[in-house]
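Undergrad: Got a structure here, written out as structure tokens. Questions coming.
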Amino acid sequence: AGCFTVSNLYYNQAILNRIADTFAVTFEEASSVATLMQAGYAGGLLLICPLGDVFPRRPFILALVAWTATLWLALCLTTSFPLFRAASFLTGLTTVTPQLLLPLVGDLAPPARRASSLAIIVSGLSLGVLVARLLGGALASHSGSGDDTHRDSWRSVYWFGLGAQWLVAGLLYVWLPDYPSKNPVGLQLEVSDGAGWNYLGMLTSIGRLVVTEPLLVQTGTVAFLLSAVFTSYWTTLSFLLSAPPYGYDSVVVGLFGLVGIVVILAAPVYSRLVIDRVQPLASAVLGLTVELVGVAVGTFTGSRHVAGPVVQAVAIDLGSQFTQIGNRAAIYGIQPRARNRVNTAYMVAAFSGQLTGTAVGNRLYAHGGWAASGSCSIAFICLALAFCFVRGPRETGWVGWSGGWAIRRDDLVDAKTASDIEAPAESDVPQEVGNAGLDRSSAGEYQPGADGKASGAHTG
């Protein structure tokens with residue numbers, strides 16, 4: 001689901017020239033379609049995702065997917081460019097399903113398997129970007145015949161997206177687990193200090209998380225810097241490979257996206273074997289170290305040998321996966337009843353890093369070439385490592401290493417103990433909750449009961 005919903009944001013990137021031809025607009029005007037869809041997505045992160053802390057996730061997610069798929073018809077049919085741009089923004093606004101699925105998995109997965117469970121969805125998101133770009137170019141190039149039909153052949157990409165979204169909606173209807181509202185009193189959110197807020201207050205509470213949760217600030221800063229490195233590389237790579245001594249065409253440049261597919265598919269396995277067993281900070285430091293080495297190699301050899309950018313691509317994908325999965329496993333331990341708002345704050349930081357990396361990378365490449373933009377990426381990674389070492393994995397304050405340097409997780413327990421924690425004795429569960437198929441953990445979170453459902457009244 002994450003793969004084929006996040007794809008919505010990237011189908012247009014490979015066909016902007018075709019869109020410009022169809023609507024008889026300049027390429028600069030056509031590129032605003034991609035910008036508006038990304039802007040809509042950013043708005044959805046901030047305005048829609050926090051509502052996952054209020055509404056039950058199953059109907060909320062299903063409604064968003066169905067609503068997006070319905071709006072998507074305008075992209076398939078309209079002949080008005082202003083309407084096409086407006087629909088792009090609105091569909092981007094509601095294409096936030098993956099960012100609701102991640103906190104849901106954080107709720108459903110037992111702590112000992114949280115990282116590997118999150119890794120599956122993170123890999124799905126990465127694959128979605130790749131799939132969208134490949135399908136966008138392939139479907140637009142090989143569908144339609146005749147001049148007029150061929151000019152509009154890019155619409156086959158959007159028809160595919162429409163079918164994929166309704167298929168996802170159907171599959172989620174069958175398989176998506178239910179889970180009760182984490183704040184069932186509605187917009188008057190119950191929080192640790194007993195205060196109540198309306199919708200606007202709920203949004204401002206995201207800012208409060210940023211100034212009160214040092215772990216969120218640490219991981220968000222690292223996410224910002226990593227995202228800047230990622231987008232800086234992929235933005236400037238096309239400039240490098242299309243110029244001498246390479247002179248590759250756009251097809252070959254696009255194939256570089258396949259370099260990281262093995263890393264994407266291997267991430268859940270690595271997470272199960274490593275990240276589930278060590279402190280998330282240790283995984284982040286390992287990922288940043290791998291990325292630092294790869295970016296250094298690519299920066300100082302990329303202008304002379306194509307192996308440099310290849311090594312850099314592998315290292316960036318590998319390091320980003322290790323670090324991002326570790327970060328997510330860490331932040332989902334922050335205020336369980338506010339996981340969607342925690343995820344929103346984290347994603348806003350990452351999205352801001354993407355915008356920064358694109359702008360800074362392009363500017364530095366224009367003035368100093370590949371080595372200049374790569375050197376800035378090296379500095380970003382070193383700064384991210386510095387933020388990792390400022391605060392240890394067991395530190396509760398803003399700075400320090402209280403609790404020691406051991407990298408093994410403290411909360412690892414055997415399967416029997418974990419089962420006892422996740423499933424308290426029936427006598428400990430309120431009768432009305434037990435009848436609804438819910439168990440309540442010792443941490444105050446609700447977990448699916450034996451029947452796999454998680455519906456009913458919240459009595460906490």
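Cβ from N, Cα, C; glycine included.
Annotations per TrEMBL:
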DOMAIN    1-460  domain 'Major facilitator superfamily (MFS) profile'
REGION    420-460  region 'Disordered'
TRANSMEM  30-48  transmembrane segment
TRANSMEM  60-81  transmembrane segment
TRANSMEM  87-106  transmembrane segment
TRANSMEM  118-136  transmembrane segment
TRANSMEM  156-176  transmembrane segment
TRANSMEM  215-234  transmembrane segment
TRANSMEM  246-269  transmembrane segment
TRANSMEM  281-300  transmembrane segment
TRANSMEM  370-390  transmembrane segment
Undergrad: At a C-beta cut-off of under 8 Å, are there same-chain residues at least 6 beyond the transmembrane segment (215-234) that contact it? List them, or none.
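TA: Contacts with the transmembrane segment (215-234): 209, 284, 288, 291, 295, 298, 312-313, 316, 319-320, 323-324, 327, 330-331, 333-334, 342, 345-346, 349-358, 360-361, 373-374, 376-377, 380-381, 383-384, 387-388, 390-391, 398.
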Undergrad: Counting only residues 6 or more past its boundaries, what in the same chain has a CB within less than 8 Å of a CB in the transmembrane segment (370-390)?
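TA: Answer is 218, 221-222, 225-226, 228-229, 232-233, 236, 239-240, 281, 284-285, 288-289, 291-292, 295-296, 298-300, 302-303, 312, 323, 360-361, 364, 399.
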Undergrad: What residues in the same chain, six or more past the boundaries of the transmembrane segment (30-48), come closer than 8 Å to it by Cβ-Cβ distance?
TA: 8-9, 12-13, 16-17, 19-20, 23, 64, 84-85, 88-96, 99, 203, 206, 344, 347-348, 351
Undergrad: Determine the mean pLDDT over the domain 'Major facilitator superfamily (MFS) profile' (1-460), rounding to the nearest whole number.
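TA: Taking every residue in the domain 'Major facilitator superfamily (MFS) profile' (1-460) and averaging pLDDT yields 79.
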Undergrad: With a Cβ cut-off under 8 Å, give me the same-chain residues at least six positions beyond the ends of the transmembrane segment (60-81) that come close to it.
TA: 1, 5, 8, 23, 25, 29, 48, 51-52, 87-88, 90-91, 94-97, 100-101, 104, 155, 158-159, 161-162, 165-166, 168-169, 172-173, 176
